[in-house]
Amino acid sequence: MNLLEKVEQDTMPARYKHMTSQEMIARVTEIKAQLGEDLFIPCHHYQKDEVVPFADAIGDSLQLAQIAANNKKAKHIVFCGVHFMAETADMLTTNEQIVTLPDMRAGCSMADMADIHQLTNAWPKLQHLFGDTILPVTYINSTAAIKSFVGEHGGTTVTSSNATKIVSWALQQKERIFFLPDQHLGRNTAFELGIPLEHMAIWNPIKNELEYDGNLDDCKVILWKGYCSVHQHFTVKNIENIRKNHPNMRIIVHPECTHEVVSLADDSGSTKKIVTEISNAAPGTEWAVGTEANLVGRIIQENPDKKIVSLNPFMCPCMTMNRIDLPHLLWTLEAIQNGEQRNQIKVDEHTTKFALKALERMLQLS
């Protein structure tokens, strides 16, 4: 297959864009019924409302990883999420199960901030500075190659749901941890566990150097200089505005927000925690939510008895997380129905071998 043929194969035909929503909903419903248990559609909380109704499971990264690991029936897993999630699903399922991503452009800018070549350059420098005292810990929002490196070096993956438990375990294994790619989740979790900010360093992958003014012996956490482009846009000013204009409103944010924002919020937690906390709250309560716009909108719809707003009123959905839509889902399902293979996510055996070590450590500890 030449490059032009590859591009044509990976490009959704224009006819899907001209179908009505009703036509697409009917076709997706029909194909799901025909395929039955051979098809499984996991969907992350951040996905568009137009695809969520077709999900067989909705959850955060930890929930979806656990669900993928336990699903042995489905021949086809069509992941409504992003690339790193589909990679994780492929590694946790059997070789006979096929994982596809409806739109290959669906990604995570934070995961892309940690490149495997940057990590392999960083590791010997950190070993030179600290010796064999570092355990690597990677957020599940990372590439399979990053997970594999971490697993090969005795480390583990982590999600926002289990971060406190996993980081606590990691700090018992070695004197310090190297947390990547999200500096904010790493900082917020370590601080919650009692590690002072002055004992945390930054690793700058662009300059390939450590940013730290303190005594190296005091450094307990090394944070990769990465972040979520969505959660970094929630600010202290946003919180001040809520406190001023809505003094009875409770503020809950995702721990990918900056330390300043998390410290000033009333609570923080994973998407699962945010959904559960608000769902279980008393009618009439007021909430400002600091996370992705699609999820905030869905929480508002599902809780009409409460007043809920986005912490940042100008927040947009994550543009890379937001790629998968109804036309791409239908395109993928029709390919499966016709016996065609499109947009398969397949991680090579060597990468899978060590990445699984990191993932399985996390799942066992969770």
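Cβ from N, Cα, C; glycine included.
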- May I ask you to find which of Thr120, Thr235, Thr271 Swiss-Prot records for the iminosuccinate site already listed with His44, Ser61, Tyr139, Ile140, Asn141, Ser160, His254, Pro255, Glu256? Thr271
- Kindly point out which candidate in Cys108, Cys219 is recorded by Swiss-Prot as part of the [4Fe-4S] cluster site with Cys228, Cys318. Cys108
- Query: Taking the Cβ of Cys228 ([4Fe-4S] cluster binding site) as reference, which residues of that chain separated by at least 6 in sequence fall under 8 Å from it?
  - Reply: Ser109, Met110, Asn141, Asp182, His184, Glu256
- Query: When the number of other CB atoms within 10 A of each residue's CB is tallied over all shown chains, which of the binding-site residues His44, His254 has the maximum?
  - Reply: His254
- Note on the structure: Excluding its own, the Cβ atoms lying within 10 Å of the Cβ of Glu256 (iminosuccinate binding site) add up to 28
- Could you tally the C-beta atoms, other than its own, that fall within 10 angstroms of the C-beta of Cys108 ([4Fe-4S] cluster binding site)? 23
- Sorry to bug you, but what's the C-alpha spacing from Cys108 ([4Fe-4S] cluster binding site) to His254 (iminosuccinate binding site), rounded to the closest Å? 16
